[in-house]
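The annotation transmembrane segment is assigned in Swiss-Prot to 27-47, 62-82, 108-128, 146-166, 194-214, 246-266, 288-308 on the grounds of sequence analysis.
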Amino acid sequence: MNHIQILEYENECQLANEVTYHPVYRIAQLWTFVVSILAIPALYIFLMKRILPLPFHGNIKFLLVCYFSASFVFAVLLAFLFSYHVVAPLFITSMCDLIIRPSLYKVGNLSLTLFMTIQMIMPLGFSIERFIALSMTKSYENVRTFLGPLLVFTLIGIDLALLYHVFRDEKFEDSFISFALVPETSAIPFNSYFWELLYAEIGNFICNCIFLLVHSKFKARFLHQQRSLSVRYLLEEISQTSKFTLIVSFTHLLFVGWYLIATIFVRTIGEDFFGGYIHYTVARGVHITVPTYNLTIVFVGIKALSFMNLRRQNNVQSKVQIRSTGAEGARNYEDAIANYWNFVSRT
């Protein structure tokens, strides 16, 4: 190893030391670790107690289960990897020990990237499934749970293929100090892919809004033609699931949109704005918005489901009732007495 290589090695170790012990960076690492630890049981309970018992069609239910399962795995990965960032600096014997081994970084970074992008691409399946459900209103309740799994495997396959395209030439030979930082050589194609996913999420959100408007008009017109209870229930189910997935998509769009805009902003203004490469690297290494989403979405989801359940119960109580007065009330009374005596005579 020549003198220049030794100097570069020492500079990398010094950089890792100054960034790791920077107050803002340490607080951000600790925040991500704590939030992810809290998100693990919260997401698990939400998935088991709220998502799995939902009376939705199997296709949309499968999509929701896979989405929140991916969020759960993502939170576990964040908690595990950021525990390394929080704990390792307390026991190092050399500044160079702060540099993550390339093999460990490769596994950790690619795993985080995969599940973060799965969270972004999965809501597209919500919209596709909802549009198909609306187009097959009369018969969708009898459709088997096939579309949901098909969409999940297709979207994950697309995500894997695009990520392979982004990282196919990456050697992972740099010095890495954070699992959340994308290698410089892959940063441009990764940011491009991230922008494409963000545009897709925005388009998906707009499509969801249009879908709800179309559904409300379609529902009113369709109920005049078809008054069967099963069709009424299916139309209401489509409305409820669409509103819930819209809330999930919008919440994710807020957090991921902010993360992406902040990341691009930091890269655009460069290190001169931050007064040096250390502060610039710290700004790039702060990774708190997406982990915070994993915890926030639990409370948003619980609130949304509770509100929709309460509204549905109020609608049932106000609209589904047996009149007890007037001519219709008299007929209902006579029918009830007749049904009672018919039952008694049979027994």
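Placement of Cβ uses the backbone N, Cα and C atoms for every residue, glycine included.
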Contact between the transmembrane segment (288-308) and the transmembrane segment (194-214) (at least 3 Cβ pairs under 8 Å, separation 6+): no
Top Cβ-contact partner of the transmembrane segment (108-128) among 27-47, 194-214, 246-266 (pairs under 8 Å): 194-214
